[in-house]
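Quick look at what Swiss-Prot annotates:
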- 46-69: region 'Disordered' (REGION)
- 182-249: domain 'BTB' (DOMAIN)
- 430-476: repeat 'Kelch 1' (REPEAT)
- 477-523: repeat 'Kelch 2' (REPEAT)
- 525-570: repeat 'Kelch 3' (REPEAT)
- 571-617: repeat 'Kelch 4' (REPEAT)
- 619-670: repeat 'Kelch 5' (REPEAT)
- 671-717: repeat 'Kelch 6' (REPEAT)
Amino acid sequence: MSVSGKKEFDVKQILRLRWRWFSHPFQGSTNTGSCLQQEGYEHRGTPVQGRLKSHSRDRNGLKKSNSPVHHNILAPVPGPAPAHQRAVQNLQQHNLIVHFQANEDTPKSVPEKNLFKEACEKRAQDLEMMADDNIEDSTARLDTQHSEDMNATRSEEQFHVINHAEQTLRKMENYLKEKQLCDVLLIAGHLRIPAHRLVLSAVSDYFAAMFTNDVLEAKQEEVRMEGVDPNALNSLVQYAYTGVLQLKEDTIESLLAAACLLQLTQVIDVCSNFLIKQLHPSNCLGIRSFGDAQGCTELLNVAHKYTMEHFIEVIKNQEFLLLPANEISKLLCSDDINVPDEETIFHALMQWVGHDVQNRQGELGMLLSYIRLPLLPPQLLADLETSSMFTGDLECQKLLMEAMKYHLLPERRSMMQSPRTKPRKSTVGALYAVGGMDAMKGTTTIEKYDLRTNSWLHIGTMNGRRLQFGVAVIDNKLYVVGGRDGLKTLNTVECFNPVGKIWTVMPPMSTHRHGLGVATLEGPMYAVGGHDGWSYLNTVERWDPEGRQWNYVASMSTPRSTVGVVALNNKLYAIGGRDGSSCLKSMEYFDPHTNKWSLCAPMSKRRGGVGVATYNGFLYVVGGHDAPASNHCSRLSDCVERYDPKGDSWSTVAPLSVPRDAVAVCPLGDKLYVVGGYDGHTYLNTVESYDAQRNEWKEEVPVNIGRAGACVVVVKLP
């Protein structure tokens, strides 16, 4: 803090006068007055040389400085003398004042020199020791800096105790133990818990709102806590002082409930994590309900996810049978239940109703609406129609009739779509993307997409590189057929078991083929068209699973490579492709019962490298290219056409978001999924799904490796 110039002058003048009168050792004389006169005139108006020095002490001891005199209020007084010299001065001053007071006119003789000198030296030593102690103590804690500026001097200090907060809380804890300075008494049940409002408010938003607002409790010395476990409250009060909690299975729920009331976020998190670690099929429903009641979103979500994942084990426990109807409905309406089929969920509902038929019979109609009855086997629906539990309930009869129509009128299913016709995610299987061309000239990896986790995972690798091959699924196993490795066209076949992740070599085809189409129809697998390295093929081979051999069937009317092949309504369709001169827009189908191929209505555009799939009785053709064989500058297509076999007609639906050649298409659940492809510059890893009801495409989670010409199939594992 600086002072005005006037004050600086006054201070200097006072110091100068003091030094002029009292700075030298006392000169012994029998005449005190002459002593005063000598001291008074000897230095008046003359500078005092070498007497005003600034002293500072560092951590290692006393250090002299030649810096100018400081005038800050917190700084040392300008030009102080050493401690022993100040002692002598003070004694001299005191002695002189005494003489003045005793007799101003006739000075008395002064005490003997030796006695006076000894007293001065002793006093100086004492003061110097005290000064050294004070300086040592100060320099251990303070760092004082002196500026070089004569006009503006500033002293700054910073002091920090690392464990100050911890020491303070320990002191507060001791006050709590001794019941000292407590200013509030919390009453819960049989317990009376003393505490400090400041500590409680610092830890709990609940108490902060209570004690800092104009409410009745803010002025009360005793606060009654309703609806909270006394022991849990006491534990949380102790936690406010110590930060320590004991978590036990038998008290964790009461502790979490109290923490939710007091809005102790950290305690809520640790208690929730403790319960999450205890999740089991026998208790997950109880923890789920508790998390919902307490508003613990994280605990509720984790417990619900665990219940969905382990549903088959959960329904075997008592907690499931004791659930109220509204909780059962929350479970049944979820798409994420991990079950192999809808029939499993139906039997779980009937088990719950059977546990207390008299009281739960009336809830059956409401709960049955959450079961996807159209997806149940028709034999089961026929049995339910005559069951006494269903015949007397009009709502149940209505739902059963809807499901039976879905089975009896398959051609009308597209008009019967509802939430009950949408399969649950776990019942539709998983999507497998196999091989394809990538930036490294061909990938051998297999990726799996799970609807419930919404993610792609690497689950296997082919034994060798294949491009332009085909894949079909028989008995939940993937058959990889033909293709080419570089310029070598293959006729080899391999079988991949997703459960054991084992590859098995199968009998080869009779003809080497790449660019072929592969599909299953009524059991057997067909290899259609392609290129053998020399010419475009119209021949077709059929794999007999029982005989384990390949046989030729009727040939197509037109050679086709990069052809799309799919089965629909007991017929095998071959769509588009290339015949050596140009891309094709024609389509023909094979009837296995007559062993003949027949032409259908053509597409609106010539296309090869298309992706084909069926959904809800329609055939979809996606993407591709339309360049002739001699032109390498293909025009890539984003066009999507839909074929109606009943009317033998084509219609155009919403296009892809980007053009895709050599694209893979496959139905999964209630949507069509388009995977990868080539856009003219990049091997794509993007994925789109098509919603037929809304006629729109939606971007989905991408595959890990961009690929074109991959084969995508669905496998339903038990």
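Each residue, glycine too, has its Cβ placed from N, Cα and C.
Given the structure is predicted, the values throughout are model-derived calculations rather than measurements.
According to DSSP, the repeat 'Kelch 2' (477-523) comprises 0 helix, 24 strand, 23 coil. Break the repeat 'Kelch 5' (619-670) down by DSSP state and the numbers are 0 helix, 21 strand, 31 coil. The DSSP breakdown of the repeat 'Kelch 6' (671-717) into helical (H, G, I), extended (E, B) and coil residues amounts to 0 helix, 23 strand, 24 coil.
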